[in-house]
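A.B. asks: Copying in the features that Swiss-Prot gives for the protein in this structure:
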BINDING   7-20, Gly101, Asn153, Arg178  ATP binding site
Amino acid sequence: MSVIGIVAEYNPFHSGHEFLLNQARLVSENDPIIVMMSGNYVQRGQMAIMDKWQRAKAALNSGADLVFELPFSFAVQPADIFANGSIRMLSNLGVSELFFGVEDANLNFSYLGQKINQIPKNRMDFRDYTQTYATQYNEMVAREVGHEVNQPNMMLAVAYAVASEQLDTPLHLHPVTRLGSGHDDQLLQDKIISSATAIRNYCLHHPNDLIELKKYLPKGELAALEKQKVYPNWNLLFNFLKYRIESASLEELRSIYQMSEGLEYKMKEEIHNAEDFTSFLRQIKSKRYTYARLRRLCLYTLLNVTEKEMQASYQDVSTLLLGYNSRGRNYLKKIRKDVELPIISKVDKKNAASGTLGLQVRVDRLFEQIMGEDQNFGRRPIEVK
């Protein structure tokens, strides 16, 4: 039996995500599809626009059989850590086939993963502080293997391939060409499939008139979006971030995960006069750091995620089961006793005391305050029949 895996954020779930699930199902009609999905915070350092339970339900309604939460400790990270965590967890759950969307599905990603893993580690110790790490990495990959990977989904795809090739048994990779708008398109396009970025932007600017989104969303998802009273975004959170930076000492800021090279001084210096989050990012931006890297740092700061806490979380890695259907339930019964990765179906004080789940539950407290609904305690996996 083949087991299909997909790494996702679904922020929010749209027709492009449904297309990828359909492509996976065409290849393997009766085998389980497992989704490893980011929770209430996503890779580029922001809150998800819908909570993890609603997004998991959308995936199940569109063909996924099991949806697990990728812990915050891996979800809000650069591509290599994000990919490494998600691929290892999927592999542990028995996944043998990985489906992912890319701009160019003709590349041999397994070959790229093998070649990049052969590059000596000291060749990746980039020292050019006038360029971002991502830029230097992409230039190195282009130089070593002859392919540029400067588009967001291509970068993630290569990271998946690198992580897969580090497994004892690498996954079979199935790249699927993305349809419709580009990953970062800001505005809705006259296409069947829009970018998640454009959909989020539309929600923020037209919260009381979302009917325009209907053609870009699977059945039922427009109604779910319309029910929301709040669409989380950094403008909502900026005053909390401002208070956090202004009230924290330099020593406290220095302890934050990924705080480096004197960024605590720059944040302290610029936060007081910043009018909004966008202007603050511009003020602390340098050639060394991408905006995504700085957004993640701001999120770690807002949530008070320290280096010590992040590293401690990796000593006890688990995943929260968000939902399943009958095929997913049957597969889970079959593998549960043999899987090393702890699968959490119910959050309680004991399992939420430490590890990735402990950090996840703690940072979700802010999301709960914004959205007004519990995200962990008292919640059980969604069952779709």
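Cβ coordinates are placed from backbone N, Cα and C, and glycine is handled just like the others.
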A.B. asks: Which residue, of the binding-site residues Tyr10, Phe13, Phe19, has its CB surrounded by the fewest other CB atoms within 10 A?
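C.D. replies: Looking at the binding-site residues Tyr10, Phe13, Phe19, the Cβ with the fewest others within 10 Å is that of Phe19.
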A.B. asks: Would you find the one among the binding-site residues Val7, Gly16, Asn153 whose Cβ has the most company, meaning other Cβ atoms within 10 Å?
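C.D. replies: Neighbour-count leader: Val7.
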